[in-house]
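Listed in Swiss-Prot:
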type	residues	note
BINDING	SER21, 24-27, 38-39, 43-44, GLY70, 125-126, ASP128, 156-157	GTP binding site
BINDING	THR26, THR44, ASP67	Mg(2+) binding site
LIPID	CYS209	S-geranylgeranyl cysteine
LIPID	CYS210	S-geranylgeranyl cysteine
MOD_RES	CYS210	cysteine methyl ester
MOTIF	35-49	motif 'Switch 1'
MOTIF	67-84	motif 'Switch 2'
Amino acid sequence: MGNRTDEDYNFVFKVVLIGESGVGKTNLLSRFTRNEFSHDSRTTIGVEFSTRTVMLGTAAVKAQIWDTAGLERYRAITSAYYRGAVGALLVFDLTKHQTYAVVERWLKELYDHAEATIVVMLVGNKSDLSQAREVPTEEACMFAENNGLLFLETSALDSTNVELAFQTVLKEIFAKVSKQKQNSTRTSAITLGNAQAGQDPGPGEKRACCISL
């Protein structure tokens, strides 16, 4: 998957980062979009997003990655944050089990506000701190499988699997968009919701993908 300028693209995919404060969402965002990492743990209050345009086959896709930037501390995330999102990374800190214990609540909130067809990846961040691990890979992988989520462990610090996590989500979104585009001749608008929202997914629509590298 190559890079393109942000001015030249065929699709825009909104992807949201959710999870408890301090799990590394902002650094995952900056690592993917700017290849940067900040050791400063101060929390920025507000909603922010960054973009990066990538190639999926012959299509240029502008990934618009949204970060809660601390609002999760105050339960202040609104439905507007989720509106229009076609992908989500649900992030927990694999060295703090309490951040994993609440992923089910985050998942419920996501599904309460987003389209039913949204692509979701569970992300166990801070894999570089393996000796401090509190969440076994197998446990998180099983949760992902049981809930039809993708799953990866990442390290925003040393870049492990960060690129793969975002690429995998974007490819899953693109596959759904392409399928919907082929099945629809009535409109040129591309979303993952509309007629599909609220319906039970068909065979193969929700599939888990536990990736261990």
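Each position is counted from 1, following the chain as shown.
Cβ from N, Cα, C; glycine included.
Comparing the binding-site residues LYS25, HIS39 on other C-beta atoms within 10 angstroms of each C-beta gives the minimum for HIS39. Look at the binding-site residues SER21, THR26, ASN27, ASN125 and count other Cβ atoms within 10 Å of each Cβ; SER21 has the fewest. A straight line from the CA of ASN27 (GTP binding site) to the CA of ASP67 (Mg(2+) binding site) spans 10 Å. Least crowded of the binding-site residues (ASP67, ASP128), judged by neighbouring Cβ atoms within 10 Å of its own Cβ: ASP128.
THR26 (Mg(2+) binding site) sits 11 Å from LEU157 (GTP binding site), taking the Cα positions as reference. Between the CA atoms of LEU157 (GTP binding site) and ASP67 (Mg(2+) binding site) there is a gap of 17 Å, rounded to the nearest whole number.
Taking the Cα of ASP67 (Mg(2+) binding site) as the reference point, the closest of the binding-site residues SER21, LYS25, HIS39, ASN125, ASP128 is LYS25.
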